[in-house]
Amino acid sequence: MQPTMEEFESEDSGVQDVGPQINVLVVQILEMMSVLLLRIRQKLLEISILICVILLVFWVALFLYGSFYYSFMPTANFITPVYFFYRTDCPSPHHSVCSFPVANVSLLKNGKHQVMTYGQPYRITLELEMPESPANQELGMFLVKMTPYSKAGHIVDISARSAMLHYRSSLLQALGTVVFSPMLLTGASEQKQSVIVELYSEFKDNSYNPTVGAIIEIHSQHIQIYRAHLYIFAHFTGIRYLLYHFPLISALIGVMSNFTFLSLIIVLSFLQFNLGGRRTRGKAVMQQEENNEPDDLNDQSEPQDEGKAAESFDDRGYNSVEVEESIPDVGVEESDDDSRELAEDEPTCEAGNGEMILRHRNLSQNMLQSSQALTDTTDKTYQNSFGVCSSC
């Protein structure tokens, strides 16, 4: 069967009905996508700002720890070569060495900065590399003397220690020569001994007279030395001991402590800033509301005042009529002339939006005292309540 025109029209109407719905749905989807993209953009911006703040705080914490370590930790060790010299202008031709070997050692780093910190104990030792020669073996014990001095040339302290080569028998020397002969022949090893002389076990520099150098003297004219070095080691205790012997753990704890402290300060400052801004905005809103309240009250009171004024004037007219009716007309019964005089003496005045007629009657002296007292009371009530004009 072929479809009729009514079926085609119904299908077209259905398609036309679905079209607007699809458009609305597409618009809603686009709006949701735009809102979603905006939120994602805001979140990414917040995350990037947070990462930058964390990195900045971390670098500041690392810088603070490095500054503390550099200022708090003194020089751990100092090594300097020692060069001995002696006099050769001897009066006797049989002696080539006329004095003891002497060396002047500077205790300044790069010739400017102090090596030793005030109050910090140091261990000072002298290392002598001496050959196992017959002269040194026959030398026996010898004396090593150290004399630190200040910048002004004053002697700070004096220390003297004895030293000697370790004893080795001729057989042991022969066996060592045979065993180490390849190394001795190639020059990789030498027949020598290192003699370590401890000059100071705990030397503390004086802050009022700091040490800038030392004189080292060996009391022996026949000693033979390859080379010599002066070693200065700091003897740490307490926090400095932990910082020097456990540097990684100390650095981790120090940096994390600084990071936590700085983060806490930033969080508290951020909260204080937000709370202060909210309080300020709340006070401004409250003040604005307080300023707007009198205006609203004035706007509301004006129509009420107008209505009250109209009502008061109506009440005043009504009361005036009642009072007027309550006043007894004594003089009317007596004579018509008195009533005419009273009518002529009645003044009128306007006050506000309504007209208020005040009638004042001049009663004669022959009127009763009760009527006169009632009239005086009514006049005072009019004057106090309604503001009678001056002419009345």
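All positions are counted from 1 along the displayed chain.
Cβ from N, Cα, C; glycine included.
Features of the protein shown, as given by TrEMBL:
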- 290-304: compositional bias 'Acidic residues' (COMPBIAS)
- 305-317: compositional bias 'Basic and acidic residues' (COMPBIAS)
- 322-348: compositional bias 'Acidic residues' (COMPBIAS)
- 284-354: region 'Disordered' (REGION)
- 20-37: transmembrane segment (TRANSMEM)
- 44-62: transmembrane segment (TRANSMEM)
- 249-271: transmembrane segment (TRANSMEM)
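Within the same chain, no residue sitting at least 6 positions outside the transmembrane segment (20-37) brings its C-beta atom closer than 8 Å to a C-beta of that stretch. Outside the transmembrane segment (44-62) by six or more residues, the chain places 255-256, 258-259, 262-263, 266 with a CB less than 8 A from a CB of the stretch. Below 8 angstroms of C-beta separation, residues 53, 57-58, 60-62, 64-65, 68-69, 242-243 of the same chain, each at least six residues beyond the ends of the transmembrane segment (249-271), sit close to that stretch.
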